[in-house]
């Protein structure tokens with residue numbers, strides 16, 4: 001008979017606790033009910049601000065669905081009756097054998113007049129952020145009360161929402177808890193440069209409304225006034241201990257549910273984890289110690305004897321390129337400790353190490369401007385320095401800062417308490433790459449700041465990290481591209497003979513086919529190249545589930561004449577094809593047999609169409625709105641530009657399919673920001689966005705350049721596409737390619753705009769070659785009897801149609817007969833037979 | 001209704017009609033067969049993809065894995081050992097193989113009765 005466990009709260013720590021318990025409770029000892037206040041399951045509050053960078057809220061979720069857990073969203077606990085061992089909610093009562101409080105904390109709002117005004121927010125939940133975004137619309141000024149970690153994040157968010165932003169901090173410097181005076185001064189310069197105005201060493205005395213009743217200004221204690229039509233209060237957090245308080249449980253001296261090192265309250269059936277728990281009287285407001293309490297209670301509830309190991313208060317903040325990190329005894333409060341500081345006004349880097357009195361043990365430190373040494377330093381706290389102090393503090397760390405120098409006990413991933421010894425054991429156990437290490441140790445799965453160290457540890461252990469494409473080539477796609485280009489290799493057989501082994505496979509062959517096509521090696525079905533093409537490319541059409549193909553003619557920009565519409569309609573009617581408008585403003589014709597493809601192309605080519613390359617890893621469509629030709633709001637000719645771009649890049653083979661769109665104004669009707677490259681018209685020209693995608697993990701494109709002339713725009717897109725084609729991995733979308741790039745978007749900009757690698761002339765020339773050498777692949781096949789011969793259902797019976805392809809009708813159109821292939825026949829299980 | 005199986009060698013096409021490393025489909029006694037010519041010889045297997053249920057194996061990519069000649073399904077890319085028909089990605093899945101030879105420049109296929 002299992003026991004009943006009730007968890008109050010479904011934040012990051014509550015979720016981690018439930019997962020830890022469920023993973024270890026293999027005997028099914030606990031039946032788990034989770035009562036959650038918010039209506040969405042646990043999400044990554046640490047990355048909350050990412051939603052302002054365009055990350056979808058759903059991407060923040062950390063909740064893993066578990067049928068064994070009764071998760072009750074939007075049902076907060078209203079009381080705990082310890083005598084009856086029952087938790088009450090508005091909906092009912094939940095008896096427990098054990099109760100875990102995971103209620104977290106709430107944002108502290110200081111007692112200042114006016115905090116109840118409309119337009120005043122806290123910065124705590126996704127709902128808070130949505131309300132802030134909504135209120136910011138059409139407003140110009142904002143202010144944040146509180147210049148700590150969260151306050152600066154909130155300030156950056158307001159800045160991204162387009163508000164002139166101020167930060168008011170009572171302490172004389174920003175981030176007073178983490179950073180010392182010199183570090184605070186450096187941080188202030190960065191923050192000011194971002195356009196945020198700091199007011200330091202001054203209290204807010206009141207918030208005042210404007211004529212419309214919403215907040216309009218802050219009064220400061222020194223008599224100054226700060227305009228703010230939106231105010232975020234980020235003055236700290238307080239543990240949510242009401243359930244414990246009302247249930248009569250003892251609290252910590254500064255609030256929080258008082259628990260011992262086993263995270264148990266004075267009631268042996270009640271435990272507390274995360275920010276609401278005052279472990280031995282002290283609350284911890286960071287996720288890493290919260291996770292530690294979750295692990296402790298999961299262990300205890302299954303009969304273990306784990307105790308809270310103490311808190312790592314290391315923090316790292318990144319505010320649009322400004323790194324701030326602090327770890328260990330950052331303020332040097334250890335008696336007799338020594339400081340080593342490094343200030344470089346030129347690069348605006350500040351760093352401080354706190355060492356023991358004999359200068360042998362690292363106690364803590366502060367980094368502002370360049371925090372690349374942070375992972376190694378944090379992991380070294382309490383141990384010897386991994387390198388001489390200056391080598392560590394100089395920007396970029398220096399060679400000695402590698403993870404290879406760390407002691408075994410050093411915590412490499414503090415979010416998940418993974419030590420170097422744990423990682424070395426995983427490597428010895430067969431983990432040979434970063435994903436494997438993440439999977440078996442959980443290191444790098446939270447904030448990700450230790451990921452570079454995982455690579456270094458693999459290197460230090462002598463694990464050669466493979467970039468091999470497949471068993472036939474030790475090279476990456478990029479290396480193969482360069483080999484083929486520089487050595488002028490024109491065939492797969494020569495490439496595999498000189499630089500690979502075996503006879504290739506379904507991974508390397510299409511990659512080489514794509515590279516050869518990008519380098520203009522002739523028609524994709526010429527000679528040996530034909531054998532490399534994946535089936536869609538081999539038949540220049542898209543294979544569907546029943547073995548038939550679909551055909552997509554190019555309709556540049558989505559603009560089509562009535563004559564052409566009629567021609568497509570006639571083809572579809574005559575060949576009895578299922579017809580559907582695609583998501584990319586084209587028309588897809590389904591249900592063609594292999595032997596019908598040339599006949600269909602012939603009709604389409606005669607009507608003025610060409611291949612739409614729907615089959616290839618190639619440019620698909622450039623979608624458009626109607627632009628200023630028809631639209632009341634359009635400011636530029638989006639259709640004209642979309643057609644020009646689609647024709648320019650048609651047939652361009654790439655590591656992944658490419659999509660694009662052009663919107664004629666900021667209303668963005670063409671959804672250009674969900675594309676690999678998107679263009680949005682402004683009054684001053686074109687804005688170029690790169691790295692967006694739809695698909696399984698949608699991502700908005702990032703702004704790359706603004707107010708471009710058409711010529712400038714085309715040049716930048718040329719370079720962007722060619723650089724992507726040359727350097728991306730197999731099947732790597734543009735978004736992942738930019739993310740994986742050292743330096744990311746800034747690096748890309750320096751390469752493509754400032755020509756920092758001296759590549760631009762070469763990229764421009766390569767694109768010019770593509771544009772001038774384009775010819776329609778369908779027409780080329782129709783003109784070549786050799787190639788045409790391949791389009792037969794059966795080599796020994798060219799006139800016989802494939803009998804396995806049959807259709808039924810749905811909504812007046814043909815669709816594949818579901819029982820055409822015998823494997824797909826429906827099997828009826830356990831249904832009563834109907835007697836006739 | 002199952003097709004009549006005669007178990008005779010049936011000519012399919014001239015050898016030079018087969019491109020290296022690229023398949024064709026043939027109808028042999030009513031059965032769809034996929035025929036391939038690779039550097040290591042001729043192979044014939046059922047054209048029916050045992051996983052996807054469509055007659056498409058002749059359109060798969062041939063290659064090698066660990067030195068063994070392979071064929072990948074064009075539908076969902078499961079890889080089969082051409083010499084045994086065994087699926088290398090899914091245990092228990094097998095592609096029926098047929099006999100194939102070249103006589104006087106003609107490729108001939110004989111259906112295999114055993115499954």
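Just so you know, the numbers here start at 1 and follow the chain as drawn.
Cβ atoms are placed via backbone N, Cα and C, with glycine included.
Sequence annotations record features per position, and here TrEMBL assigns domain 'FAD/NAD(P)-binding' to A:4-277. Summed and averaged per residue, pLDDT over the domain 'FAD/NAD(P)-binding' (A:4-277) gives 91.
The domain 'NADH-rubredoxin oxidoreductase C-terminal' annotation in TrEMBL covers A:314-378.
Under the heading domain 'BFD-like [2Fe-2S]-binding', TrEMBL lists A:412-459.
Among the features that TrEMBL reports, domain 'Nitrite/Sulfite reductase ferredoxin-like' is placed at A:544-605.
Look at TrEMBL and you will find A:616-752 tagged as domain 'Nitrite/sulphite reductase 4Fe-4S'.
Long-range contacts of the region 'Disordered' (A:803-822) within the same chain, counting only residues at least 6 positions beyond its ends with a Cβ under 8 Å from a Cβ of the stretch, are 544-548, 576-579, 591, 593. Taken from TrEMBL, the feature region 'Disordered' applies to A:803-822.
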The domain 'Nitrite/sulphite reductase 4Fe-4S' (A:616-752) - residue tally per DSSP class, helix then strand then coil: 52 helix, 35 strand, 50 coil
Helix, strand and coil totals (DSSP H, G, I; E, B; other) for the domain 'NADH-rubredoxin oxidoreductase C-terminal' (A:314-378): 5 helix, 34 strand, 26 coil
